[in-house]
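First up is the structure itself, then whatever we jot down about it.
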Amino acid sequence: MKRVHIMVLDSFGIGAAGDAEKFGDQGADTLGHIAQAFAEGKADKDGRKGPLHLPNLCRLGLGKAAEESTGKFPVGLDKDAEIIGAYGYASEISSGKDTPSGHWEIAGVPVLFDWGYFKDLKNSFPQELLDNIVKRANLPGYLGNCHASGTVILDELGEEHMKTGKPIFYTSADSVFQIACHEETFGLDKLYELCEIARDELNKGDYNIGRVIARPFIGDKPGNFSRTGNRHDLAVEPPAPTMLKKLVDEKQGHVVSIGKIADIYANVGITKKVKATGIDALFDATIEEMKLAGDNTIVFTNFVDFDSSYGHRRDVVGYGEALELFDRRLPELMELVKEDDILILTADHGCDPTWQGSDHTREHIPVLVYGPKVKPGSLGHRETFADIGQTVVKYFGLSPVEYGKAMF
């Protein structure tokens, strides 16, 4: 029975990529800088003291992969862990450092074109686009129209949005059009419909924007607003068949999306969708689906919280504590890896919580592979994330993806 379980620790970079300078990210190191902060005692408090504690990830080779990436073993991690998995690090060949680019490249389809971006910090969106959306959605107007942190803008405009019914439009350094609306006063279905209209207008206008993101929130006043787990991403479809689509088309296989995976691939090559919010809930759903998974199945989970709750918010301690939670629960996944199964732990980009600004960082990603038939040891430097996709299609006996070399 052939099954692959892929866990993406969203934004978990392990050192600046060779081309990081082009992105202003020379020296970024998500894991290394978190480990440094913990070793300096910045995470010490009642019930938690000392360096970053990731024993299970270290046994899978995380520390050694990071050392291969940066030339330096992350401070405080276990140098003497017995290695039970294959480990390496991968560079990205896609033009951006965003979520779709990273995930598509993992699946064998790098983004070699340039996404469109809304670069103006204020009045970010073209007036014609805004007018068309307002008219089609019958809106009283809009708020925002700027670059913003998704949590800060709620405190700034959330109350006005609730009073006026005007949605909050904003963007970032990524190729995104984001819409924040109150779940109760505006309504979730209405927000999703608005996002569909925005996606259609962006497509018609040839803006080449990667994602429209629904950002529902609750609360009644500044300081009290919080985003809910009902986020929804409307992505464009990958430009070529991914490993997911190939498994479904060529072997009538199954691909189970947990978290935001289905949104990232625009539902192409996905046969089952499971929603879950938060690291524990994502783990629970993954365990359940791994138990149910039959032959020719990929169980594919995105752990978004590392990125959205800690990376972008530059919360070093929160990020490290989330990694420790992930590590504590990892053995529950590992014990479900049977016979021919392969478990792959990786990331889609970096988001160094010690870095300036609030955006992603251009970094190498870890590639940690575990299974009864996987030979422990170094996989070295992988020249593209697509080596993961090529390895997966080879394992399932599918036609090759266009990019990447199989790792074994």
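Including glycine, each Cβ sits where the backbone N, Cα and C put it.
Around the Cβ of D348 (Mn(2+) 1 binding site), the number of neighbouring Cβ atoms within 10 Å comes to 29. Mapped onto three states, the DSSP output places D348 (Mn(2+) 1 binding site) in coil. Annotated Mn(2+) 1 binding site per Swiss-Prot: D10, D348, H349, in sequence order, evidence recorded as sequence analysis.
Feature annotation from Swiss-Prot assigns Mn(2+) 2 binding site to D307, H312, H360; the stated evidence is sequence analysis. Cβ neighbours of D307 (Mn(2+) 2 binding site) (same chain, under 8 Å, six or more residues apart in sequence): D10, S11, T99, C351, H360.
Sparsest Cβ environment among the binding-site residues H312, H349, H360 (other Cβ atoms counted within 10 Å): H312. D10 (Mn(2+) 1 binding site) carries neither a helix nor a strand DSSP state and counts as coil.
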